[in-house]
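What follows is a single structure, written as structure tokens, with notes after it.
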Amino acid sequence: MIEADRLISAGGTQVEEVADRAIRPKLLEEYIGQPQVRSQMEIFIQAAKLRGDALDHLLIFGPPGLGKTTLANIVANEMGVNLRTTSGPVLEKAGDLAAMLTNLEPHDVLFIDEIHRLSPVVEEVLYPAMEDYQLDIMIGEGPAARSIKIDLPPFTLIGATTRAGSLTSPLRDRFGIVQRLEFYQVPDLQHIVGRSARFMGLEMSDEGALEVARRARGTPRIANRLLRRVRDFAEVKHNGAISADIAAQALDMLNVDAEGFDYMDRKLLLAVIDKFFGGPVGLDNLAAAIGEERETIEDVLEPYLIQQGFLQRTPRGRMATVRAWNHFGITPPEMP
């Protein structure tokens, strides 16, 4: 199983990136959820504009699909500057980064997605650029090689990562602003789904938006993906109108249950409950029982189940919680 193949995967595709671009909020006043991030960024941006400075470098981290790219776009729009976008894996050589930096206008935003995947050579170039707005470049090779300094205009680097712990300390310490995006609450997701439905020209009730939001695993990207599939169902089965009942029927047909679990989530939980009496069960045994790689369980399946309180990691192995038993209508065993 590949994470990208799952309807409830938080990872995005190129097609979704294009589709989502049209419905993304452009300004902070349109930004839904993340109230602490929103209020802090409003202050930081206004202060930078009052001083006539570039915004401090910004690190955004958190699970995939929560709007790191959206926030970077909003920052550039609020500052009234250009946004240049790239990603860690694309910047293979120091020259790749140097080319982007030397093309920036004053106060522009350079957005590097997956910044934790920068190579050490490229990262070294970033240090003086972030700290002193200078590039140190080596010209020539061998004994004739010499270093030259190129002045850069003041700019803002926005780095995005799902793995803040993978950043080196020297890089992490150069960000003046650090923001963590949290999973969204259902009311905020309902608002996002309703807004997206209006942009897509859909007839959708508040209850229909709530049904999609409940199953979106706290993630706007998943919410918008589910909305598109519910739209397809509604257009074929119900003349396009989306009620709570139609949304529920569509998502049930797609095997996304009331908790946002798909077939693989349920398969894992039921294996722990049925085959191992609720656990504890070792990771290798669990992987063999459901026919998956242990890395898939650790990196793809487990995190959301643990976050939502359906699965526990213990020193002796994985255990299903009482909430997991109740989800399937099975009476949990009495604790000794």
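Backbone N, Cα and C define each Cβ position, glycine as well.
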Out of Arg174, Arg229, Arg231, which one does Swiss-Prot list together with Ile23, Arg24, Gly65, Lys68, Thr69, Thr70, Glu131, Asp132, Tyr133, Tyr184, Arg221 for ATP?
Arg174
Let me know the DSSP-derived helix, strand or coil state of Glu131 (ATP binding site), please.
helix
Within 8 Å of the centroid of the Cβ atoms of Arg294, Arg313, Arg318, which other residues of that chain place their own Cβ, given that this set defines the recorded DNA site?
Val281, Gly282, Leu283, Leu286, Ile297, Glu298, Glu302, Gly317
Under a criterion of Cβ-Cβ distance under 8 Å and sequence separation of at least 6, what residues of the same chain contact Glu131 (ATP binding site)?
Arg174
What is the number of residues in the region 'Small ATPAse domain (RuvB-S)' (185-255) that are helix, strand and coil, as DSSP sees it?
51 helix, 2 strand, 18 coil
Set of same-chain residues at least 6 away whose C-beta sits under 8 angstroms from Arg318 (DNA binding site):
Val272, Gly279, Pro280, Val281, Gly282, Leu283, Leu286, Glu302, Leu311, Gln312
